[in-house]
Amino acid sequence: MGSTSTPASSTNRLQDKVAIITGGAGGIGETTAKLFVRYGAKVVIADISDDHGQKVCNNIGSPDVISFVHCDVTKDEDVRNLVDTTIAKHGKLDIMFGNVGVLSTTPYSILEAGNEDFKRVMDINVYGAFLVAKHAARVMIPAKKGSIVFTASISSFTAGEGVSHVYTATKHAVLGLTTSLCTELGQHGIRVNCVSPYVVASPLLTDVFGVDSSRVEELAHQAANLKGILLRAEDVADAVAYLAGDESKYVSGLNLVIDGGYTRTNPAFPTALKHGLA
């Protein structure tokens with residue numbers, strides 16, 4: 001329903017930048033890796049899925065341009081190794097895209113939500129974001145520059161029935177972490193931002209809910225405020241590229257919402273008005 005054409009003048013916007021993308025073996029992470037390489041960056045993707053991660057690298061470019069490192073973001077030693085391996089290979093780190101995130105697999109109701117599932121989602125979504133920021137800062141502070149971008153969600157500042165309590169809590173936490181890190185790391189020339197997309201038909205959603213991407217897109221479009229266009233992973237990748245690169249050199253602490261105005265509207269109001277006037 002929409003296009004994601006790239007202006008010719010911006011094709012080198014990340015030239016000579018070095019980026020790490022966690023959760024890079026699929027979905028938004030994979031799409032962002034493709035875009036970063038197209039824009040001239042050297043990319044290291046990290047994931048727990050070795051086969052998928054290596055396949056993504058092979059499909060995108062040569063090993064000197066894009067490479068894979070196994071990384072569980074909940075393990076300090078894995079994240080440390082990820083950053084150290086990137087520095088050893090490329091000599092620096094300009095961009096950290098903390099993109100790993102998972103959904104709850106237990107019922108929405110607080111009475112039925114699983115305790116261990118809550119801990120698992122919190123560990124990956126929040127502690128994982130903390131660790132990637134910590135180890136990125138470890139090498140960015142001496143360099144006095146860098147850009148850290150997180151994938152949050154419209155659930156970072158809203159809530160809705162059917163969206164698990166733990167997922168909403170973790171995305172609120174990622175937004176809080178973004179704001180807090182912006183305050184400290186700005187003193188070292190490091191920018192920290194996040195993106196909050198509306199529904200994207202990624203494997204994260206389709207796998208958990210057991211539906212295909214076309215069904216996810218159909219439901220998302222029905223509920224969307226902005227009609228006639230679907231939000232794609234490419235649109236989120238474009239936003240991440242903006243925050244990662246020099247075009248946003250004085251932008252920090254921003255939660256870039258990519259939702260077509262969804263969170264600015266009250267969908268119950270026009271429905272109630274329509275029924276009231278009928």
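For all residues, glycine too, the Cβ spot is worked out from N, Cα and C.
Cβ neighbours of Tyr167 (active site, proton donor/acceptor) (same chain, under 8 Å, six or more residues apart in sequence): Leu103, Ser104, Val121, Asn125, Ser153, Ser155. Sequence annotations record features per position, and here Swiss-Prot assigns active site, proton donor/acceptor to Tyr167 based on similarity to another entry.
Annotation source Swiss-Prot lists NAD(+) binding site at Gly23, Gly24, Ala25, Gly26, Gly27, Ile28, Asp47, Val73, Asn99, Lys171, Val200, citing similarity to another entry. The Cβ of Val200 (NAD(+) binding site) has 23 other Cβ atoms within 10 Å, all protein chains considered.
In the three-state DSSP classification, Ser104 (substrate binding site) falls within coil. Here Swiss-Prot flags Ser104, Ser164 as substrate binding site, drawing on similarity to another entry.
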Nearest-integer angstrom distance between the alpha carbons (Cα) of Val200 (NAD(+) binding site) and Ser164 (substrate binding site): 17
Integer Cα-Cα distance in angstrom, Ser164 (substrate binding site) to Gly27 (NAD(+) binding site): 21
Greatest C-beta neighbour count within 10 angstroms, which of the binding-site residues Gly23, Gly27: Gly23
Number of other Cβ atoms within 10 Å of the Cβ of Ser164 (substrate binding site) across all protein chains: 21
